[in-house]
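Worksheet: one structure, shown below.
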Amino acid sequence: MPVYRSRTTTHGRNMAGARGLWRATGMKDSDFGKPIIAVVNSFTQFVPGHVHLKDLGQLVAREIEAAGGVAKEFNTIAVDDGIAMGHDGMLYSLPSRELIADSVEYMVNAHCADAMVCISNCDKITPGMLMASLRLNIPTVFVSGGPMEAGKVVMHGKTHALDLVDAMVAAADDKISDEDVQTIERSACPTCGSCSGMFTANSMNCLTEALGLSLPGNGSTLATHLDRKRLFVEAGHLIVDLARRYYEQDDVKALPRTIASKQAFENAMTLDIAMGGSTNTVLHILAAAHEGEIDFTMADIDALSRRVPCLSKVAPAKSDVHMEDVHRAGGIMSILGELDKGGLLNRDCPTVHAETLGDAIDRWDITRTNSETVRKFYRAAPGGIPTQVAFSQEARWDELDTDRENGVIRSVEHPFSKDGGLAVLKGNLAIDGCIVKTAGVDESILKFSGPARVFESQDASVKAILANEVKAGDVVVIRYEGPKGGPGMQEMLYPTSYLKSKGLGKACALITDGRFSGGTSGLSIGHASPEAANGGTIGLVREGDMIDIDIPNRTISLRVSETELAARRAEQDAKGWYPTEVRKRNVTTALKAYAAFATSADRGAVRDLNVR
């Protein structure tokens, strides 16, 4: 029978000093036999997705204590990728994921916590905490801050739904007036919460539902809606039950590695492909699987991508659809429900809240339940009032969206496309693979060939695009922006947004060993592995080389002979795999430490002490 980890610091004469310190935090004699639950919060005033979390940790703590546990809260860092975008701040985004995972490990192991509730939300925070939960393998429940309401603005007599990406694209479009840009800017991000489309943050919070580590509605219930409070309240009670099940009943189904098994990772990736999630999720899912010692690789993702259809398109793939619309259509449980009907899910995986995922779907899918409570829950609507306050409104849609032929969520028989929303491409340009969000690619450019325009930094590409030096038909190649080469694997949202603002969104391709924001759409291919800094072929591309992209056949090729590539490789080996241009980039000791152990994206950009 497992023993509560916390007994290490709460029992025995030799722990008198530790108990004295625990007492100084407010613990009493009656608390020393209870499970100590870490409330892992990520409140910060820097990030709209986290600005409302300050009091939510204590909300969970009170519920833990009411359920018979002891709650101890601490905070992690949280980087806002949108604010860090387009300058050296983005170098810190992906490395912050490892720092978050490490900090959770440090705090939980140093203080011998028995279990934890992870209050996450934005891009690297959910992945970092997910990695920590699988690394530590103690009972864990995830509850995120929730998505932002979509912006609404009336311009020239027409109402538009907006998000962050709209503001960025408008700012670079010379045809849009300063007044209209300002109007869009002021309306794009109206409330607290993670950005309103199917960007990285919301994608990851949705995937925790499929993994079985969070409650139904975690990925889609708006941050501002009163219904979201229930998730925090239930998480507090649930984690105490999970802790008791494991430590007092030896029930390993309460542990993250049992719940988030390989089959559960297949479910999560199936969902990701079906909903056209951010390509960053591939990076984070691979990293989380690595932490859980689960054999889940790019090959598994490739296999799934070939049989899972695209059942939902949300901004940026469909600019007028946001997370509030997904929720109205039944949220993640209803997407999983459609996948289940198509025989594409592992139903028997356990979850933190139900015996199996199949049981959860049967209860929470709006097309198969008669529960008015469930149906009311998914009618939660935006309040339409700018606010930074959680649970501040309780608006409801009059009706649910249950149209599975033409609605926000489609059935397997009526998909947006038979091919899923993500694809793995391989070829001599990316021997270990690269990723494209096919849900955001226009059908006219699923096959594309063009001459390479080579840039050795994101900044150089942006300068060329804005100067109209990139033309229709070009393939923009941005290299030395991978985990090691960047370092930090910057997001390329500005280059893709500027291509769109220049009218080239359907006329150019972009390939990089960096990554893309969840807000990216177009023929944007990232995670090219190996990256240039690790000797990848992307480092051998020269200006004007022809590149062939074939998404239906999952290939990406540099039209250069093997003999020529071998000669170029020998030349590059002699020079060293570094950018030829001097980049004005402040790479600090902290970033150098990350780069020293970073692997390429096909391994999730995790650290490997054997990397040289």
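Placed from the backbone N, Cα and C atoms, the Cβ positions cover glycine too.
Of the listed candidates (D81, D163, D166), Swiss-Prot assigns D81 to the same Mg(2+) site as D123, K124, E491. Other C-beta atoms found within 10 angstroms of the C-beta of C195 ([2Fe-2S] cluster binding site) number 30, with every protein chain shown included.
Of the recorded residues, E491 (Mg(2+) binding site) and S517 (active site, proton acceptor) place their C-alpha atoms 5 Å from one another. Non-local neighbourhood of S517 (active site, proton acceptor): D81, G82, M85, V165, F199, T200, S278, N280, E491, M492, L493, T496, each in the same chain, at least six residues away, with C-beta under 8 Å from its C-beta. D81 (Mg(2+) binding site) falls within a helix when secondary structure is assigned with DSSP.
DSSP assigns K124 (Mg(2+) binding site) to coil in the three-state reduction, placing it in neither a helix nor a strand. A Cβ within 8 Å of the Cβ centre of D81, D123, K124, E491, the residues given for Mg(2+), is found for these other residues of the same chain: V79, A84, M90, S93, L94, C122, T200, A201, N280, S517. Each of the binding-site residues D81, D123, E491 was scored by how many other Cβ atoms lie within 10 Å of its Cβ, and the smallest score goes to D81.
Within its own chain, C122 ([2Fe-2S] cluster binding site) has V47, G49, H50, A78, V79, D80, D81, S194, A201 as residues 6 or more apart in sequence whose C-beta sits under 8 angstroms from its own.
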